[in-house]
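Shown next, in structure tokens, is the structure this report addresses.
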Amino acid sequence: MTRLLQIAALAVVLVFALLFAVVAGDYAPWYFAWMVGTVMIILIAAAGAVLFETQEAGRADGRDPSF
Amino acid sequence: MDQGVVDLSRLQFALTALYHFQFVPLTLGMTFLLAAMETVYVITGKPIYKEMTQFWGKLFGINFAIGVATGLTMEFEFGTNWSMYSHFMGDVFGAPLAIEGMMAFFLESTFVGLMFFGWNRLSRGGHLAVTYLVALGSNLSALWILVANGFMQDPVGATFNPDTMRMEFTDFAALVFSDDAQAKFVHTTIAGFVTGAMFVMGISAYYMLRRQHREFAARSFRMAALFGVISSLAVVTLGDALGRLDYLVQPTKLAAMEGIWHTTTPPAAPWTAFAIPDDVAQKNYAEINIPFVLGPLVAHSFSTAIPGIIDLEQKARVNTVRGIKAVMALHQYSEDKDPAALATFKQYEQDMGYGFLAQRYAPDQDLSKLTADNTPAVLDRAARDTIPNVFVEFWGFRMMVACGFAFVLVFAFGAYFSLRNEIEKHPWLLRASMWAIPLPIIACEYGWIVAENGRQPWTVYGWLPTYMSASSHSVGYMIFSLIGFVLLYSLFIAAELYLMFKFARLGPTDHAAPKPLEGGGPLTFSRPGYADKSWQ
């Protein structure tokens, strides 16, 4: 039941996000680009840090640490 | 209105804005970079990311505190030095400023305290949410300020009411979603991201050059370089969007930015890479032109002619003739409420601002004293006024753009070598990153100069001339307050620099001991016990 509620909640979020994207894309394309872009910039920076840790772990294991 | 008072009012606002804008971009960018670092801490559980968030957060805090202090006075200046402007567009300008104060600034200020002092009082997720709210709040502050500025550049969503003699709202959504407000918000905030990324990358490079705090610096450098490389590409993209908007709604600004004196002939119209524009002779010296570039760059078309300054001046002359009729009808309507005068005003209303420009040069600033003899000279001077200072606009724009492309290169090399874990093998790049720390702030200042100098001679583009917008202070009062602001704000800058250098040199705690460099092989950043809680 809990899992079903989680899926339902995520579905609501998904529908809201899609509607928001359609409306914002029409009326506020640059604001929408900012929201998507800022999230992307944060995620890429965070992914770089996670990759750093992976490279360090690889180095500790004697694997090639280069990207 | 004494022109000296107007010039001093402009100088005072320009100086306070330039001082304030030395702090703003760093705040805008650092908040989201801190959020990214803390996100990694929450995901991986590695203490070093918490330490990164706290250390860079401390430097952010210094900048934030002094930046807020420099910004507060600017809102008061609208009332003290620009009372006519405040009356004319207070109905429009006041709303976004009030929202900025009530919503964004309160949001930012409330949560910034929790961010600094809530580490041991909030859960990890709770603190991360607070950090994101600080970032959102600071950027929403910028949004509302730039919505207000967007109206000054491209007045939409309001009309002039001849009964109250002021601009009044007709469509709030049009104001908030205007193309200028949108593009300017994204361009400005992302420029802040570039500033924050360069700041973190540069100081991290300093540590790496000195072989200090290397584990801390390598991770900070990696995150900042990736944060910066995407941001700098986005800034360039938005710069192009803003240039096209200027072409559509502020052709005088665009022509001045590109040094275009004569309307271009497509498709071979050249883009002027270098020139020495002469505002008096209305020509460029020592031009270096690249053919076939201007049309696609500005209008995104090979077949569109770009209007030149001399033709825009001639067009402004026609607007001024119509504007004089509008202003004279407005005067008559304000005296006797004559419906015929109102009808005449409505017919020429769109050119009212040009009539105000002509009023400045009419005998005794009275348009009813214009005669067949003195009108041509008044029209010439008013039309000439509609062109901003081309030299400042041309070179301000080029300095900003040159910095923007330099950032892309520095971040791209930084990200590439960091991803390959070879960053310490390239001290030239570390030095370049370190010396580039102030460049984004300088580029932001140039951007502000291009935007606001290019808007001249208007405070509200096409509607209200700058010379009519100022308060009627004495020259002595303006000089006294100007000196006061310069001294106070210089003190703020000195305090900021002192504290930043002091705490940046001290570095993060627990890692002050230099780590000896071993040979020329690959460098290892991991240290036992440091990343004690692995996410893997």
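Using the three backbone atoms N, Cα and C, a Cβ is placed for every residue, glycine included.
Note that TrEMBL annotation is computational and uncurated.
Feature list (source: TrEMBL):
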type	residues	note
REGION	B:515-536	region 'Disordered'
TRANSMEM	B:20-43	transmembrane segment
TRANSMEM	B:55-73	transmembrane segment
TRANSMEM	B:93-117	transmembrane segment
TRANSMEM	B:129-152	transmembrane segment
TRANSMEM	B:185-209	transmembrane segment
TRANSMEM	B:221-239	transmembrane segment
TRANSMEM	B:395-416	transmembrane segment
TRANSMEM	B:428-449	transmembrane segment
TRANSMEM	B:475-499	transmembrane segment
Counting only residues 6 or more past its boundaries, what in the same chain has a CB within less than 8 Å of a CB in the transmembrane segment (B:185-209)? 24-33, 56, 59, 139, 142-143, 146-147, 216-218, 220-221, 223-225, 227-228, 231-232, 234-235, 238-239, 241-242, 407, 410-411, 414, 423-424, 427, 429-431, 433-437, 439-441, 443-444, 447, 504, 507
Going through B:20-43, B:55-73, B:395-416, B:428-449 one by one, which has the most CB pairs that fall under 8 Å from the transmembrane segment (B:221-239)? B:395-416
The recorded stretch from B:20-43, B:129-152, B:395-416, B:428-449 sharing the largest number of CB pairs under 8 A with the transmembrane segment (B:93-117) is B:129-152
Contact set, same chain, for the transmembrane segment (B:129-152): CB under 8 Å, 6 or more residues outside the stretch: 24, 27-28, 31-32, 34-35, 38, 53, 64, 89, 92-93, 96-97, 99-100, 103-109, 111-112, 114-115, 118, 122, 158, 175-176, 178, 180-182, 184-185, 188-189, 192, 451, 455, 458-461
